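Copied over from Swiss-Prot:
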BINDING   Cys603, Cys612  [4Fe-4S] cluster binding site
BINDING   His698  chlorophyll a B1 binding site
BINDING   Met706, Tyr714  chlorophyll a B3 binding site
BINDING   Trp715  phylloquinone binding site
TRANSMEM  57-80  transmembrane segment
TRANSMEM  150-173  transmembrane segment
TRANSMEM  233-257  transmembrane segment
TRANSMEM  334-352  transmembrane segment
TRANSMEM  382-405  transmembrane segment
TRANSMEM  421-447  transmembrane segment
TRANSMEM  472-494  transmembrane segment
TRANSMEM  561-579  transmembrane segment
TRANSMEM  619-640  transmembrane segment
TRANSMEM  687-709  transmembrane segment
TRANSMEM  753-773  transmembrane segment
Amino acid sequence: MSLLDGRILGFTTHSDSFVSKRQSNGAATGRFFQVIGNIHDIESYYGIHGSQVNLQIFLSHFGHLAIIFLWAAGNLFHIGWNGNYELWILNPISTMPIAHGIWDPHFGAQGEAVWGGVSATSGGSEAVVVSYSGIYNWLYAVGFTSVYEIYNFVIVLELLAVAALLLGKTHLIYNEELIQWLGTNKPYYRVGSDNEEVVSLYKKLALDMKVYPMFIWPFRIFLAAFDASGLRLNFHIGALIGFTSLAWAGHLIHVAIPASRGIYHTISPVGDSTFAEPSLKALYPFYSGNWAYYAQDIDKDNHIFGSTVGAGKAILTFLGGVKSDTASLYLTDIAHHHLAIGVLFIWAAHLYSSLYKGFGHRIRDILVSANSGMMIRSMNSYHLQLALACAGVSVITSVVGQHIYSLAPYPYLAYDYVTTVALYLHHSWIASLLMMAAFAHAGIFLVRDYTVNPKTTTGEDIIGRVLAHKAAIISHLSWVSLWLGFHTLGVYIHNDTVTAFGEPQNSILIEPIFAQIIQSASGKTLYGTTLFSVVNPSSGWVQSVNKSFGSLLLPIGPGDLLAHHAIALGLHVTVLILMKGALDARGSKLMPDKIHFGYGFACDGPGRGGTCDISAWDSFYLAMFWMLNTNAWTIFYFHWKELTLWQNITFQFDESSNYLNGWFRDYLWFNSGSLIRGYDALGANDLSVWAWIFLAAHLCWATGFMFLISWRGYWQELIDIILYMHLKTPILYDIWNAGVYTPVALSIVQARFIGLVHFAVGFIITYAAFIVGSTT
């Protein structure tokens, strides 16, 4: 039963819709509380338990996969249909990739002019939308050379989407019934089933009882896979990651690397095909132990991607650094990486005990000491599993965001400045939102799923130990946040003050010497000094990290140190708020007995005082703003650093990043100029639409403050006035039906949610327009 049982408020719980019929005509406060509170109680909300929940989650994956396949197919289809891929690969640096065309009967000459500049540089004759996703670079990297091949890929993706939908539908309808029938000695079917096909299937199966029971064991294994952690881990590690990575290494070796050397695996309309043999000796060197053979004869320095000029024959290398012409990682290095990952993960898939006892490790045996019992606890809490999964995927996404620019994997991606920043921005937002979700569901787990076993001491339960030490955890985070905040902001304000009074020479400038030493350990030279490391200075890696072009290890100074500590401040405050909210979800100094009051994730309901302000939801809500601002500081820093590098004005960042007004003036205001001038009464340009989005997103962002600051009293007065005017206007009074909808003030939770959504959406889209306008 949910801790937020609706009977507290006189409502009935619902299982088939977000808003039950009884509540649909009630106050917004009750409706929102009921939904936000009870939707997290998965079992009672949907009326399913145990393995059926796992099965439903598994089945939802098929739908998710189908959506992904269709989404990718749609993007690729439009590239093939009205993109310029075949033109782009002839000159990837100077040609802008087209995502899709635009046909609008309302476009006049002025409307065409808005997109005209883009079309002229993209090779298109119509109005188009430019692609900032990097998908062209990915297609080029993996060996696509024609629109025909893209169309074939689209068809494959669409077939996979259909297959995923059919698999999900089939399992959803028949799986439970078949399991129940196969597990008994007599035919089983639901009495009164309205599905005649299912009933007839059962009757048919009942006639063949001696045949079908042989399928019991595969079905039981199928169901066990959802609940057996070892089996599930082995499958995900080995089959999904291991074999997929190994297969991708095969594609790179047989298709992508030969294509990068002008040897194409083509599929023509008449059916002719050539399959590139990557090595003259095939697998003989592998079995004979001469693995170094595959790394011999690497591409020459004058190699041109996609041609035979300077091409080598190596297929698996460990060169490091980036190619000189594409400014991207060597495909042979990437193939080696995926081969190693595949082998490693397939081996790791045999670590955990699954079907046979005595073979592999049992996770429950590994989790000893303070971690004992964690496996059972995690298996019984979907919110704990989801929190851990979100945290893990968040870290992976963040790492991808960092690598996508510092070690660009796709050819010529580093030359496309807007795409480079857009991909970093994209992955930063996703990673941040996933981490917020991790903390939110950790709070729900502590409220709803965690129980203290009175028979065990606190030391035997890692979660209990964390809760017991939460005062120390919170106070340490608070101390770090205070230290970072006062010192960082103090230095910024000092520098602003002395600069404003005409004495910039008195600024406090602190060199990040420890970070510079770490850079030198990776091969970076320090102000013309000799290398600290023993790495061969002629290696590709050392050449890459000391290039002026690229962003692997950029020179850093006092402005970088201040930005680093400002970002650290934001990260620590965000974590402080989230940790305090999660750890205090069951009880705090202010209200130690929350858990005994039916206290939930959002709050304990309307009409019980200001308890929403001390709930885990409120901490999540507050931390979201710190997350958004911290992410903004991170991206501001990254973007400005990259802009000055690309424009060869690195001195601007070095001088202006040491005080706050420098950030406002030389980064935000200066780079907003192109959008501010996007359109006027005299005409428009190719940034006009982005300028309009810049304005509209600002308005959305500002609307969020109206909800966040005004709170309940303002809305109560406003709605009363609106309702009064409606009732005093005869025509509107006829339209208005108070029995269908009753306007009431927004609750605190509701107003904060609406305000947060406006703030976040406006914030993110405003900066997206800023990126395109300033970087273009």
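Glycine is treated like the rest: Cβ placed from N, Cα and C.
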### Query
List, by number or range, the same-chain residues at least 6 past the transmembrane segment (382-405) whose CB is under 8 A from its CB atoms?
40, 42, 53, 57, 134, 413-414, 420-421, 423-424, 426-428, 430-432, 434-435, 437-442, 444-445, 448-449, 551, 638, 642
### Query
What is the Cβ neighbour count of Met706 (chlorophyll a B3 binding site) at a 10 Å cut-off, with all protein chains included?
14
### Query
Given Met706 (chlorophyll a B3 binding site) and His698 (chlorophyll a B1 binding site), what distance in Å do their CA atoms have, once rounded to a whole number?
13
### Task
Could you tell me what the rest of the chain brings near the transmembrane segment (472-494), counting residues at least six beyond its ends with Cβ under 8 Å?
466, 507-508, 510, 562, 565-566, 568-569, 572-573, 575-576, 579-580, 583, 659-660
### Message
Are the transmembrane segment (753-773) and the transmembrane segment (561-579) close enough to be called in contact, which here means at least 3 C-beta pairs under 8 A that are separated by 6 or more residues?
### Response
no
### Query
Once the chains shown are all counted, how many other Cβ atoms turn up within 10 Å of the Cβ of His698 (chlorophyll a B1 binding site)?
15
### Task
For the transmembrane segment (421-447), name the stretch out of 57-80, 334-352, 561-579, 619-640 with the most CB-CB pairs under 8 Å.
619-640
### Result, the transmembrane segment (334-352) in contact with the transmembrane segment (561-579) (3+ CB pairs under 8 Å)
no
### Message
In the three-state scheme derived from DSSP, which category covers Met706 (chlorophyll a B3 binding site)?
### Response
helix
### Query
Excluding the flanking five residues on each side, which residues at least 6 beyond the ends of the transmembrane segment (150-173) place their CB within less than 8 Å of a CB in that stretch?
55, 58-63, 65-67, 69-70, 72-73, 76-77, 79-80, 85, 139, 144, 195, 198, 267
### Summary
Long-range Cβ contacts under 8 Å made by the transmembrane segment (687-709), restricted to residues 6 or more beyond its ends, are 114, 672, 674-679, 746, 751-752, 754-766, 768-770, 772-773, 776
### Message
Tell me the coarse DSSP state (helix, strand, coil) of His698 (chlorophyll a B1 binding site).
### Response
helix
